[in-house]
Amino acid sequence: KVAEAQERQERSLVRMEAAVQRFREQHPSVNLVSILSLPLPELSEKLRDGSLPLDHVFYAYLKKALQIAIETNCITEFLQESETQLRRAKLMERQGLLYGVPVSIKDSIDCQGHDSTLGFIKNLNKPAAEDSVVVQVLKRQGAIPFVKTNVPQSLISYDCKNLLFGQTRNPLMYTRTPGGSSGGEGALVGGGGSILGIGTDVGGSLRFPAAFCGICAIKPTGKRLSKRGVMSGVVGQKAVAAAVGPLAKDVESLALCLRALLSEDMFSLDSTVPPLPFNEEVYSSTKPLRIGYYETDFFTMPSPAMRRAVRETKQLLEEAGHTLVPFELTNVDYVIFNYCVRGMFADGGSSFVKKFKGEMEKGGTGLFFWLAKAPQWLKTLLSWISKPFVPRFSSIIRSMKKNTVDEVWSLHHEIEDFCHQFIAQWKKLNLDVMLCPMLGPALGIGYPAKLSVAVSYTMLYNALDFPAGVVPVTLATDEDEEQLKGYKGYYQDWWDRTLAKAFRGGVGMPVAVQCVALPWQEELCLRFMKEVETL
């Protein structure tokens, strides 16, 4: 089955090549490279007014996507029907905000007639019966989904490797991970082979790939965009909110994508989504912002580059007339272990383990798989023994025990309380938005599996269910690298030592900051991201 999946992936690339070749023979003089340099807002404008032919744009991206796929192994499947859709779109009355825009789609988002594998053998040859709602809306807005992209096995990882399609590499440095779980998207968009990608995020799965590959992404509030037809790593889990969102080179492109998705189409296809159209007024406002910020969460010590990214951004924002207010984060360790880990594995990890039944490799997810399988007495014993020496390991084991239903209910209640306390602290400081660190530069391939604890900066906002986006602001320097030698971490345990190694060798790689707003304030979040990007 694995060989079959790899052959299919290979066939996809051959078909892409043949399609590009056919186009080239028919249009030998078209300059495809110049098309790739157009930002999405400009490109979509030209497609809509007819000054750029649809097929020129489609094949320009198909050619570039093929190149990036060969370099990074980010594409799992070519959606052949995209060529038919392209021909049909030419006959359409010009319409839709994304008319003629080629879009890449994460493996776990259903496209009719194609597998959503999540990197599992058991999901091969089980094509989706219909398009997910987001894909349906994209198509109604004139977009052309053209490829599906790679993910880590089970999606519960921020690397990007599985047994079916192998490891995806970072387009900026092949020895680094592109991030995950939307890693194929990060690599393809970051490498310039797609102008707009759609992924998902339950602990940072949109934000890691964007930050590691030097692009932008936004994780909206969990229910702002439809998740109908989107497969998740842990099904039915309500403690930590998952979300669907876009990745692109710049913030304006993310805004355009949300404008297109937040349409009547989506609200009628999925009536559980609140009918909140994109708020232009909030997005285009220029009034100065009151911005909370912190340089560390006191759980994962930021790399020198991360700290510098926040500091420099803070200074630029102040110079531009915004007000910056220090925000004191407390108890992140408790949030990570008791809300995030315990929330995702409240069943003791049994549904997670079930997913791996009959699979060949349990790699990638490292510790979680092993702990989820361990009997309760062993977990209790290990937790007790390791507490004085490795308190974080002890906490993770403790948070992976099987909970009774009333324990899960009280956990959900506790998370709700925490959310309201966090908002109260936010309101007391009268904040509009928050500036936060984002893990970076990209870790070496294979490190994320050993460093599950480093999701603390991102996963906090899944537990809170706040919109959060990332914007690249700087590149790691030799000086950052030099300062890493003094990196000790807050716990000085095995994880801290490993993270210090994982950051090493990232000179020249992008480093991002995280921009956060209150629930349902995606437009304000984007407005803040735009400000950061401009400065």
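Note that Cβ sites are derived from N, Cα and C of the backbone, with glycine treated the same way.
Record features, source TrEMBL:
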- Lys106: active site, charge relay system (ACT_SITE)
- Ser181: active site, charge relay system (ACT_SITE)
- Ser205: active site, acyl-ester intermediate (ACT_SITE)
- Leu155, Ser181, Val202, Gly203, Gly204, Ser205: substrate binding site (BINDING)
- 60-526: domain 'Amidase' (DOMAIN)
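Recorded residues Leu155 (substrate binding site) and the residue listed as 'active site, acyl-ester intermediate' have their alpha carbons 8 Å apart, per Cα-Cα distance. In sequence order, Ile156, Tyr158, Val240, Cys340, Val455, Thr458, Met459, Asn462 are the residues of the chain that are 6 or more apart from Gly203 (substrate binding site) and have a CB within less than 8 Å of its CB.
Between the candidate binding-site residues, Leu155, Val202, the densest Cβ environment within 10 Å is the one around Leu155.
Those same-chain residues not listed among Leu155, Ser181, Val202, Gly203, Gly204, Ser205 yet with C-beta within 8 angstroms of the centroid of the substrate site C-beta atoms are Ile156, Ser157, Tyr158, Gly180, Ser182, Thr200, Asp201, Leu206, Phe208, Gly233, Ala242. Same-chain residues at least 6 positions away in sequence with a Cβ under 8 Å from that of Gly204 (substrate binding site) are, in sequence order, Tyr158, Leu439, Val455, Tyr457, Thr458, Met459, Asn462. Of all the Cβ atoms in the protein chains shown, 29 others lie within 10 Å of the Cβ of Lys106 (active site, charge relay system). Close to Lys106 (active site, charge relay system), meaning Cα to Cα within 10 A, are the following recorded positions out of Ser181, Val202, Ser205: Ser181. Within 10 Å of the C-beta of the residue listed as 'active site, acyl-ester intermediate' there are 35 other C-beta atoms, taking all protein chains into account.
Across the domain 'Amidase' (60-526), mean pLDDT in this model comes to 95. Taking CA atoms as the reference points, Ser205 (active site, acyl-ester intermediate) and Ser181 (active site, charge relay system) are 5 Å apart.
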